Amino acid sequence: MVSRLFSLTLLLLAPLCAARGDDFISDVPLGLDWVRVPAENPQTDAKLKLGRRLFFDPQLSRDRTISCASCHDPQQGWSVSTPVAKGVNGRQGERNPPSIINTGLQHLLFWDGRARTLEEQVLEPIQNRVEMDMDLGELEQRLAADASYVAQFQTAFAGPISAERIAQAIAAFERTLLAAETPYDLFRNGRATALDDQMSRGSSVFFSRANCGDCHIAKVLTDHQLHDTGIGASPQKIRTPMLRDLERTAPYMHDGSIATLKEVIDYYDRGGNRREGLDVRMRPLGLSEAEKADLLYFLEAGLRSRHYPVTAGGGDLGEETSAG
């Protein structure tokens, strides 16, 4: 039913996107919807190559020590292994960098959902005082002093270096970071034996007893909404994250305050931290230890992608082809 609903949604959106001139990345791993590409920023090989280089280049930060990949490390699930990340001059961030896997499918960007497109989102960390602390005009001049960058921008955009084109190139690259083909995806697409017995039990807990599916719905496992789940010192609504490959991205929650998935399950099982503004769905669940073990196994193994982008640095992206 959910799969048919999302297919219908794509059909309904198609005329709107066509009217705007938008395109889609249709070559996506099994389990995902097509990724919308803005008409004003079409995907090209030259742009992707440039975006990849920019993503891994610490020259984008004031002191030349921090790149986008410093907080979104492909070896750490495109996030970091610490509660928060450090920016220029060792400045401490306040939130756990979200994984950027499947970020091209997100409707809300940043934990508070303040950005709606990757092109809008990309330039904020570059300018943020704690993160990269770089003036965009200075960045344009810095990159323009590098003849190889000048040539790459000319090839990708037929024009000079600009902040807008920096954002477009990085956004285009990030749209290609797609992961899926989990056992859950295979099961949803007709492979009845894709979930083993424990995964199947965990899936049942996820979508019934634990009510995780109320917010983590359908293909992308998010409702694209903001909710207060009781995390943090003050009430705040945070976007619902996608859940594929969670085991790669510890620690958890928007502030990195929970170290393990087991502890995340325990937190939701007790109903979170009671406070004004807490989402009404946050309530004690009363899960048994067996149910929690099955749910944990589903989150780890059932949502582990066979198709996952990997890279050792600024070079070409590869992909994992087995659940590993």
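A Cβ is built for glycine as well, from the same backbone N, Cα and C atoms used for every other residue.
Features as listed in TrEMBL:
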type	residues	note
BINDING	Cys68, Cys71, His72	heme c 1 binding site
BINDING	Cys212, Cys215, His216	heme c 2 binding site
DOMAIN	46-177	domain 'Cytochrome c'
DOMAIN	197-303	domain 'Cytochrome c'
SIGNAL	1-18	signal peptide
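Taking the Cβ of Cys215 (heme c 2 binding site) as reference, residues of its chain lying under 8 Å away and at least six apart in sequence are, in sequence order, Thr222, Asp223, Gln225, His227, Thr240, Arg281. Secondary structure at His216 (heme c 2 binding site), taken from DSSP and collapsed to helix, strand or coil, is coil.
Every protein chain considered, the tally of other Cβ atoms within 10 Å of the Cβ of His72 (heme c 1 binding site) stands at 23. In the three-state DSSP scheme, His72 (heme c 1 binding site) falls into the coil class.
The Cβ neighbour count for Cys212 (heme c 2 binding site), using a 10 Å radius over every protein chain in view, is 22.
With the fewest other Cβ atoms inside 10 Å of its Cβ, the least crowded of the binding-site residues Cys68, Cys71 in this structure is Cys71.
Distance noted between the C-alpha atoms of Cys212 (heme c 2 binding site) and Cys71 (heme c 1 binding site) is 27 Å. On the 0 to 100 pLDDT scale, the domain 'Cytochrome c' (197-303) averages 97 in the predicted structure. Taking the C-alpha positions, the distance from His216 (heme c 2 binding site) to His72 (heme c 1 binding site) comes to 22 Å. Those residues of the chain, other than Cys68, Cys71, His72, with a C-beta within 8 angstroms of the mean position of the heme c 1 site C-beta atoms are Phe55, Ser67, Ala69, Ser70, Asp73, Trp78, Ala85, Pro97, Ile100, Pro125. The residues near the heme c 2 site, meaning same-chain residues not in Cys212, Cys215, His216 whose C-beta sits within 8 angstroms of the mean position of the site's C-beta atoms, are Phe206, Asn211, Gly213, Asp214, Ile217, Leu221, Thr222, Asp223, Thr240, Leu243, in sequence order.
All protein chains considered, the CB of His216 (heme c 2 binding site) has 18 other CB atoms within 10 Å.
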